[in-house]
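J.: Take a look at what TrEMBL says about it:
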{"type": "DOMAIN", "residues": "20-452", "note": "domain 'Major facilitator superfamily (MFS) profile'"}
{"type": "TRANSMEM", "residues": "21-41", "note": "transmembrane segment"}
{"type": "TRANSMEM", "residues": "53-74", "note": "transmembrane segment"}
{"type": "TRANSMEM", "residues": "86-105", "note": "transmembrane segment"}
{"type": "TRANSMEM", "residues": "111-136", "note": "transmembrane segment"}
{"type": "TRANSMEM", "residues": "148-169", "note": "transmembrane segment"}
{"type": "TRANSMEM", "residues": "175-191", "note": "transmembrane segment"}
{"type": "TRANSMEM", "residues": "203-224", "note": "transmembrane segment"}
{"type": "TRANSMEM", "residues": "230-248", "note": "transmembrane segment"}
{"type": "TRANSMEM", "residues": "269-295", "note": "transmembrane segment"}
{"type": "TRANSMEM", "residues": "331-352", "note": "transmembrane segment"}
{"type": "TRANSMEM", "residues": "358-383", "note": "transmembrane segment"}
{"type": "TRANSMEM", "residues": "426-444", "note": "transmembrane segment"}
């Protein structure tokens, strides 16, 4: 494979590129903020655009669906065209389309613009990692820069409901999109200088990604129809989704630029990591999506209610890193999958029996521990069990599977809450999420996995025969 530098290496700045790192991290923050900030705006969007729970569920789902479908494709474009131009186009597009979302007069146009937002976000995330690799060629500084970049995920999680509640109180739900425009301008100012990046003569194949998007969209339609008890349509969409999923898998196996590289297809340990990532984001999205709709309070009160969880998501990964160093990744993964269903059960109990603030707060605290123990550890677990040349693909697929989990969770929560009539049905989304986490715990406690955790990448114990 040939590689050529987009600009001569000697033109790269000699000084430490702190400003550019801040800009890259701010772009990542902006993208992730959009996955959570909308949660506290759900009731006001429903009133403003005259839609129901399912409609506002699509506003959340369609963003994560587009992001999940295009993440790996965005990485391929960054490799082929250079990380810097793909990053700049992504940031400009994200800022412009955010303003379009703010001006959307109806739900249909909001869904169109949210889809475009997800596509531009899929250009920003992988290209930002490529830019960090170019700015910090030495392993030590690069590792510290990537750690700072990754820590933004927790910060965005904590800031989303709080910032969203504050903006909505000032100027309504449209302000949660307007805020992206000045952030995008700041990113462009900080990253205006060309950053040296390597271009690879790599094939870009769009068909598998289109198939993944169609599969996710059809599966979401099936879930929506089941929630509305139109069983015939639900069955039809389910069969179509299964067919599309099977066809996409077959196409991906023969694609010159597959979503899943051949070296990962039979790696059971890595696939468990993907499953855990989807499970954690499923449970997390269930909480963030459902609670603002069930509390019937202001956006600010919803953001404050979620604080016990979001603060732990932002702060606890540092302690998780120490746990991983001392005991390996499986211990915090298992602890997280124990804490999460207990927290979900407490939250469901508090909401089903009337708002019990202490019980709800304790449940959200445990949910925060669940997220902050599992996510950092499972990323390391998956990357460590992949062959070195596939580490980048693992990161992209992990992000994509997390968004798949979020997409399904928003769809399931919206259709179950549509049937909520104050008779205990408020607990249903949380019970489903708890079952998903218990399946994750079962997968993480298998004896064969403990043996695989001590095996180097490529060992037979972590791959299917």
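Quick reminder: no glycine exception, Cβ is built from N, Cα and C everywhere.
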J.: Compare 21-41, 53-74, 111-136, 175-191, 358-383 by their Cβ pairs under 8 Å to the transmembrane segment (86-105) and return the stretch that comes out on top.
T.: 111-136
J.: Let me spell it out: take the transmembrane segment (269-295), skip the flanking residues so only those 6+ beyond its ends count, and list any with a Cβ under 8 Å from a Cβ in it.
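T.: Long-range Cβ neighbours of the transmembrane segment (269-295): 36, 39-40, 42-43, 53, 57, 60, 64, 160-161, 301-302, 305-306, 309, 333, 336-337, 340, 344, 347, 351, 355, 364, 367, 370-371, 374-375, 378-379, 381-382, 385-386, 394, 397-398, 401-406, 408-410, 412-414, 417, 420, 426, 429-430, 432-434, 436-437, 439-440, 443-444, 449, 452-453, 462-463.
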J.: Need one number: mean pLDDT over the domain 'Major facilitator superfamily (MFS) profile' (20-452).
T.: 84
